[in-house]
Amino acid sequence: MDKLVITGGKRIEGEITASGSKNSSLPIIAATLLSGSGTFTLHRIPDLQDITTFRQLFDHLGAETAFSHNTLTITTANVQSVLAPYELVKKMRASIYVLGPLLARFGHARVSLPGGCAFGPRPIDLHLMAMEKLGARITIETGFIDAVAEGGRLKGATIDFPVSSVGATGNALMAAVLAEGTTIIRNAAAEPEIEALCHFLQAMGADIRGTGTTELIIHGCDSLRHVEFSNIFDRIEAGTILAAAAITGGSVTIRGVIPSHMESVLQKFSDAGCRIETTDDTVILKSTGRLKATDITAEPFPAFPTDMQAQWMALMTQAEGTSEITDHVYHERFNHIPELNRLGAHIDIEGNRAVVHGPQALSGTKVMSTDLRASASLVLAGLVAEGTTEVLRVYHLDRGYERIETRLQNLGAEIKREKYSEFG
């Protein structure tokens, strides 16, 4: 098993190009199952464990994939199986994304109930509700979702989501593009990753109106074509790198971004005392002195993203004053707090709100990763902690960050990856 060993006290400074987005890559890859023609070529796909897991799932389904230098090619003509087995799905909740495409293309899908990050309940009820609205008969038995399209093809419908859900919106969208008739998705997630999925489906020939809004109108079609497509940048990775510069009193330039996708995060960095500059595809953060305590509330886009909540909490341990961090998306996403407190932070939990008392001098020790973004928060804390911090179980981190230790090394961090055994 791998761990990251970090010697704190080095400033993060320099220039870097943002990686491709994991959270848009996964639904885009899933959407290739909607077409049985030709070979898809997808650029700017991050080299992550979740991408590897998805490729293994596609191999099981009968697709052919190849990955090199962040370009993924996929041929789906020979896909025959509609079974996504537990052995693969348990590794990653996003495997549920194959439900909509398989059901839309073949009229049947059998997908194991998903696994993934270990914080709080993240039910798939909204995914199943959307499939049922489109005419699927859903049964759950022996740990599998069995979905069958009545009459062999899904039918357009109006889907009103009671709460915004990126995953359910993506699944409904992919199912609807091959459904007979018109589908309206209300209270759709408007995250940039859903917008990117819409653009990909439109390139394939789908008729989608309302891209980038909370109401999507989809006119179903009979078939879709293979395309070449470039993925968007990873706004969460970019935000994490900005936080690394801010927590160490450094400065960083990130190229290949879309600043409008990060407005809420950039505003909070500014509120916290950092100087932020942007161009069409670049964001620059410069530290200006002591950080100021700044409250955040994690909510659906365009608000502050829940996937940056843990990193912001680490940052606020070094800010002057008391900050409140509330998560309205995942109320129990606070597994990182005990580990941050082990490093010397002073953070209290009050329901779905955390109160961070800063600034606190952090001291390096061994800490345990519990999920993807919690891991990132511990790395950030390690960058500023006195002495050596060991972040264990970094396989969580590898699910969402492409060689983060190398990228941080290139910006001045003293960080390395080592093997270890949990049994001695």
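Just so it is clear, glycine is given a Cβ too, placed from its N, Cα and C backbone atoms.
Small disclaimer: the values here were computed from a predicted structure and weren't measured.
Copied from Swiss-Prot, the annotated features are:
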- Cys117: active site, proton donor (ACT_SITE)
- Lys22, Asn23: phosphoenolpyruvate binding site (BINDING)
- Arg93, Arg122, Pro123, Ile124, Asp125, Leu126, Asp307, Val329: UDP-N-acetyl-alpha-D-glucosamine binding site (BINDING)
- Cys117: 2-(S-cysteinyl)pyruvic acid O-phosphothioketal (MOD_RES)
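Of Ile124, Asp125, Leu126, Asp307, all annotated as binding-site residues, the residue with the shortest Cα distance to Lys22 (phosphoenolpyruvate binding site) is Asp307. Remark: Val329 (UDP-N-acetyl-alpha-D-glucosamine binding site) has Ala298, Glu299, Pro300, Thr306 as non-local neighbours, by Cβ distance under 8 Å and separation of at least 6 in sequence. A Cα-Cα distance of 12 Å separates Arg93 (UDP-N-acetyl-alpha-D-glucosamine binding site) from Asn23 (phosphoenolpyruvate binding site). For the pair Asn23 (phosphoenolpyruvate binding site) and Asp125 (UDP-N-acetyl-alpha-D-glucosamine binding site), the Cα-Cα distance reads 20 Å.
For the binding-site residues Asp125, Asp307, counting C-beta atoms within 10 A of each C-beta gives the highest total at Asp307.
Mapped onto three states, the DSSP output places Ile124 (UDP-N-acetyl-alpha-D-glucosamine binding site) in coil.
Long-range Cβ proximity for Ile124 (UDP-N-acetyl-alpha-D-glucosamine binding site), meaning a same-chain Cβ under 8 A and a gap of 6 or more residues, is found for Ile96, Leu113, Pro114, Ile145, Gly167, Ala168.
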